[in-house]
């Protein structure tokens, strides 16, 4: 049916002239349109606008500040800032040293790598990073994931050299991934790890990490490589005859001390440094206790000798031809995504507290470069851990200089103090890890998810259960799969609703949300709440026809004026593809067969452009049947309804003429 059936009746033309006309946007050249689309997709923050109308020298200075953020804050750095950063840097170093050693053991790597990884990467981040509060270092979850994935292919005890080389290679590929995402502005990929996914994943990983520390608490020498809770508990309770009470007492004592200091610092925020110093204090006290009591002779395992000196170069250790390379690549990609998501989220959180912005893409480049450089200097995967960054924030850091101070403190430790860690008991490291992990189990966030969004809670618990009862990889895959499934569900099943008039106004709203709103006799107003694409076109066609069926049945039963007009409110339809246009043609044909008229309200520019190019507007629908607002569309339709009276719908009249 053409537009001739949709011509305005005589007498209504004057009314139409009083209404605003829906205009299609001016056509743009293809290259200009493509450039705009790419810019909006990859550069929503328009980072290069500051370079406009600047001379060459000024552009060079701005470019230097943009690509090397250290030049943004270094020129105005002063002694007052340094005093704050010095205190913060020394404070986080006291936490970084014991945590670094602990997390390296968690990854089945030599403990010294934890110190190496707290020396070089913070220096790189201080130059490239945009966060003032992020403190760089290793993290428990990435360490656990590295150990779990690499151990499936190589035994760290039987072939420690190959295992170490794979860890460096995985770190390299993690850095390449992170830097690439930042350079090509693809950081939105990380957004597929939703808040609910991260809460569940981190909670599950923290639970698994804590349970695995029972090996150190009970002084066990043989333990499962699996991370699921059943395997871990079986390994613990099948070796009760190997439990060492000396180790258990020592571990429980230090765990109680660490948790007590943490609780005290939470209650008294001014004394945050008490909890920050507690891990190093535990290492010192534990080492002294073992040294004077010779506890290592009674089943208390110690770290042993740590190599003295700065990071050795490891570029030649990277593996690019071994059959194990695929394992390194897989480990690097997965751990890189996890570390990236955590680091960016932590940086944004503290930036929000201090009311400044960080550039997510710059952060990705910074993380990537520090891991690439780290892989050449005997470091394994690093990011911005929450615990260390929180201490840095509470210590009053002003700039990334606190990372440089921390790195210098770690350098001093590597050069002169590593022999002092010989007698550090492993059980103290286990207690430090458990204490840190308990803070990652955010049960309050899970409760909040349950109250606000049950589906998000399901995603959270799926990630948690997947990690705890399966593996870290399974939990991550399950959570991401459910998140993507939910996204696809939102896209393929958009909301549609009937709109009614708010009494004594020209406002039209969803009748379910506003029960006081009233439908207009003879007119059905439908709202489409999403772009129309191939994924939802079929659903929308069926749902719109169903709305029409239900309205005609309701009108027939009530004896009201028969349905004459279908107004589609397209305010929320930002775009439409060819499948969506085909759906509109089909809807138009269905409406024609029922002797109804289709009216469009507030179609967006992109939609009007495509409907015009496809000749839907013109061949199927006249321009006069498009209105700028629902109110204008209803006014025009009501005028024609009252001018050309319609008979009430008969109860015996068939209403479904499809």
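The backbone N, Cα and C atoms fix where each Cβ goes, glycine too.
Per Swiss-Prot, residue 216 and residue 422 occupy opposite sides of the membrane [differing topological domain names].
Taking Swiss-Prot as the reference, the stretch among 216-236, 300-320, 426-446 described by the feature transmembrane segment is residues 426-446. Within the listed segments 62-82, 272-292, 503-523, Swiss-Prot records transmembrane segment for the stretch 272-292. Within the topological domain 'Extracellular' (207-245), the DSSP-based counts of helix, strand and coil residues read 23 helix, 0 strand, 16 coil. Annotation: stretch 364-384 has the most Cβ pairs under 8 Å to the transmembrane segment (134-154), among 86-106, 186-206, 364-384, 465-485.
For the transmembrane segment (109-129), the partner stretch with the most Cβ pairs below 8 Å, chosen from 164-184, 399-419, 426-446, is 399-419.
The stretches the transmembrane segment (164-184) and the transmembrane segment (426-446) do not meet in space: the count of Cβ pairs below 8 angstroms, excluding pairs fewer than 6 apart in sequence, stays at fewer than three. For the topological domain 'Cytoplasmic' (1-85), the model gives a mean pLDDT of 75. Long-range contacts of the topological domain 'Cytoplasmic' (130-133) within its own chain (CB-CB distance under 8 A, at least 6 residues past either end) are made by residues 69, 73, 347, 350-351, 353-354, 356, 358-359, 362-363, 366, 384, 389, 392-393, 397-400.
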